């Protein structure tokens, strides 16, 4: 799953031999996949609210197998794009359900760790999966990459059927119950905090190759090493974030966003030598992933009974962050502000996520005040 969203970047030359179209087509395929995620996450969560979590995962994997194979065999660019959209539809519900299942298997008080476990595959994919898929595509052709990914999905489906205990369905749930959660302003504030707060990382990540080669002057062969360091930071930050989220969810989110903003400033100001680039790339990705489990867990919590919808919406917000960050990063570079300018943008977006997180806490306190006497609540209790 971690390889599938951005796999088009390395494989587009195989779709079309005209190099002038490669960048535009790569962006189109990535955006179409992201659109599938944004559409599929809430729609599937609402329509299949009664289905058990294990059945949702099995169903999602089945769609992923078929859609990924379709991407491998389609003869034209736009037919591949159509199956890319189909591949994106179950993305949010699959990862969201996996997070809930992992937390359930770990027991009470382990929501952060459960989310971190479900996200670990995505972070490890950035260290290992993406480089390997690029090499495979270069050696054997891009279609075989999709075939291998589909085979991995099929094996995963078999393992889920064999080893993950079945969970009961939710016959008392309905689409109306799920839609009701969308009227909660805290849900949308947390979606915004995720989409904006994570946008800065994707602004930096999308143009790290240009920083490596054009800003610092390293050989193109060094780009995979820099991206691997980014991926390693994501792995480390994700696990730290899972532990912190279970200790204090709100403080973990706020502190992580603040540290992330600081890391972006340091990156923009000082990532001008090979050593500083590697160190600050690691810092940026670690800091960003540190607040990931906390934001995810909070979105699930404020969704109340519509936990599946909240978990799925979290991944939809992440894909919005991907598109938003890459788009805004390109704008600041095109404006002549330099290849490190996305770092300054990242700091502003992290600060925006921080503000939205505070707004969510303020709305929660206001709502609590309407129902119970909160006159004795101290400011510090907002972070419990």
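The backbone N, Cα and C atoms fix where each Cβ goes, and this holds for glycine too.
The domain 'Major facilitator superfamily (MFS) profile' feature in TrEMBL is assigned to 1-368.
The feature transmembrane segment is assigned by TrEMBL to 22-49 (among others).
Positions annotated as transmembrane segment by TrEMBL: 61-83 (among others).
The transmembrane segment annotation in TrEMBL covers 89-107 (among others).
According to TrEMBL, the feature transmembrane segment maps to 114-132 (among others). Outside the transmembrane segment (114-132), and at least 6 residues removed from its termini, the chain residues within Cβ reach (under 8 Å) are 1-3, 6-7, 10, 95, 98-106, 224, 227-228, 230-232, 234-235, 238-239, 241-243, 245, 289, 292-293, 296-297.
For the transmembrane segment (144-166), the list of distant contacts is 3-4, 7, 11, 52, 54, 57-58, 61-62, 64-65, 68-69, 71-72, 101, 133, 136-137: same-chain residues at least six beyond its ends, Cβ to Cβ under 8 Å. As annotated by TrEMBL, transmembrane segment applies to 144-166 (among others).
The transmembrane segment annotation in TrEMBL covers 187-208 (among others). Only residues 6 or more beyond the boundaries of the transmembrane segment (187-208), in the same chain, are considered here, and those with a CB under 8 A from a CB of the stretch are 181, 223, 226-227, 230, 253, 257, 260-261, 264, 267, 281, 284-285, 288, 291-292, 295-296, 298-299, 302-303, 310, 313-314, 316-318, 320-326, 328-330, 332-333, 339, 342-343, 345-350, 352-354, 356-357, 359-360, 363.
Packing against the transmembrane segment (223-245) from elsewhere in the chain are residues 111-117, 119-120, 122-128, 130-131, 134, 205, 208-209, 212-213, 251-253, 255-256, 277-278, 281-294, 297: each is 6 or more residues past its ends and has a CB under 8 Å from a CB in it. The feature transmembrane segment is assigned by TrEMBL to 223-245 (among others).
Positions annotated as transmembrane segment by TrEMBL: 252-270 (among others).
Residues or ranges marked as transmembrane segment by TrEMBL: 276-295 (among others).
The list of residues near the transmembrane segment (316-337) in space but at least 6 beyond its ends in sequence, with Cβ under 8 angstroms from a Cβ of it, reads 5, 27, 30-31, 33-34, 37-38, 41-42, 88, 91-92, 191-192, 194-207, 210, 299, 344-346, 349. Per TrEMBL, transmembrane segment is recorded for 316-337 (among others).
Within its own chain, the transmembrane segment (343-363) has Cβ neighbours under 8 Å at 185-186, 189-190, 192-194, 196-201, 203-204, 250, 253-254, 257-258, 260-262, 264-265, 267-269, 271, 284, 288, 295, 298, 302, 325, 328-329, 332, 337, 382, counting only residues six or more beyond its boundaries. According to TrEMBL, the transmembrane segment annotation covers 343-363 (among others).
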Same-chain residue ranges lying at least 6 outside the transmembrane segment (89-107) that approach it to Cβ under 8 Å: 1, 4-5, 33, 36-37, 39-42, 44-45, 48, 53-54, 56-57, 59-61, 63-64, 67, 113-115, 117-119, 122, 164, 167, 296, 300, 307-308, 310-316, 319
